[in-house]
Amino acid sequence: RENFIHLCNPHLEKMKEDILYHFALGTGTHDFPALFGDVKFVCVGGSPSRMKAFIAYIAKELGLGSPGCDYPNICAGTDRYAMYKVGPVLSVSHGMGIPSISIMLHELIKLLYHAKCSDITIIRIGTSGGIGLEPGSVVITRQSVDATFKPQLEQVVLGKTVIRSTNLDEQLAKELMQCSKEIGQFNTVIGNTMCTLDFYEGQGRLDGAICLYDEEEKLQYLKNAYESGVRNIEMESSVFAAMCNLSGVKAAVVCVTLLNRLEGDQITSSHDVLVEYQQRPQKLVGYFIKKSLGKV
């Protein structure tokens with residue numbers, strides 16, 4: 001059963017019903033194997049609208065559904081997260097930051113377990129700040145590192161500090177890189193991704209409401225990050241990697257860079273340019289799914 005979801009929680013077996021509160025789903029009210037048992041690929045991203053756009057895109061790529069078809073939000077009973085499905089692909093929003101994606105992942109992993117899913121691949125697609133890369137470059141994460149460049153997630157559980165690994169599947173990263181080469185439309189690299197606890201001070205920005213360091217200190221920090229192998233910065237990858245590792249799920253993070261942080265802090269590209277950038281991880285992951293299903 002190595003290819004099935006592992007639940008690192010013996011208490012769940014004693015529960016008569018499992019309510020996934022933030023999804024507005026539950027084992028007592030929904031038939032999880034019937035609804036989700038055929039899922040093989042799960043794509044997660046911050047924005048509900050982006051994940052709805054992704055499911056429409058992948059439906060078209062896989063030849064499923066009709067043009068202009070509307071895909072209902074499976075989690076319509078809540079406004080916390082949005083979830084869409086077409087064929088073997090599930091698309092779920094996770095909000096912004098470690099706490100938000102952590103809550104979603106707890107319930108997503110349990111959903112996949114209750115649905116008896118196997119051979120699952122989970123990929124986070126999103127946006128990030130690049131370091132030493134041209135805007136629009138796509139970064140496939142080798143490992144997620146914290147703000148001190150260590151490949152770990154530090155959590156406090158029952159008052160004790162717990163350290164968890166944040167490595168991601170090396171073979172999956174290579175397969176995604178090969179897919180990008182076959183597409184040949186945008187620059188893609190494999191590198192470390194720094195996961196921070198906030199968008200401003202935690203990422204060394206000079207434009208937040210609070211900033212008690214100077215530009216020279218900021219640039220030195222970002223250069224140190226680059227020298228350690230970091231190529232982009234976001235706010236979800238560490239807990240994503242850690243939880244997928246513990247659950248035995250093959251996982252990857254694919255993020256486009258919206259700016260080069262060595263050259264500034266604010267995103268100045270036009271709306272149309274940003275929309276095109278945000279479609280690049282979708283294109284790459286969509287191609288990967290098609291190839292995996294033998295449709296390329």
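Heads up, the Cβ atoms here are built off N, Cα and C, so glycines get one too.
Note that TrEMBL annotation is computational and uncurated.
Per TrEMBL, the features are:
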- 40-289: domain 'Nucleoside phosphorylase' (DOMAIN)
- Arg80, Arg124, Ile125, Gly126, Thr127: phosphate binding site (BINDING)
- Gln203, Arg205: substrate binding site (BINDING)
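Neighbours of Arg80 (phosphate binding site), defined as other CB atoms within 10 A of its CB across all chains, total 18. Recorded residues Gln203 (substrate binding site) and Gly126 (phosphate binding site) have their alpha carbons 17 Å apart, per Cα-Cα distance. Around Arg124 (phosphate binding site), the same-chain residues six or more apart in sequence whose CB sits under 8 Å from its CB are Cys43, Val44, Gly45, His94, Glu236, Ser237, Phe240, Ala251, Ala252, Val253, Val254, Cys255, listed in sequence order. Long-range Cβ contacts of Thr127 (phosphate binding site) within its own chain (separation 6+, distance under 8 Å): Gly46, Glu234, Cys255, Val256, Thr257, Leu258, Tyr277, Gln278. Long-range C-beta contacts of Ile125 (phosphate binding site), restricted to its own chain and to partners at least six residues apart, with a cutoff below 8 Å, comprise Cys43, Val44, Gly45, Phe54, Val254, Cys255, Pro281, Gln282, Val285.
Rounded to the nearest whole angstrom, the C-alpha distance between Gly126 (phosphate binding site) and Arg205 (substrate binding site) is 20. For the pair Arg205 (substrate binding site) and Arg80 (phosphate binding site), the Cα-Cα distance reads 28 Å. For Gln203 (substrate binding site), the count of additional Cβ atoms within 10 Å of its Cβ stands at 23 [all protein chains shown].
Summarising model confidence by region, the domain 'Nucleoside phosphorylase' (40-289) averages a pLDDT of 97. Other Cβ atoms within 10 Å of the Cβ of Arg205 (substrate binding site), summed over all protein chains shown, number 17.
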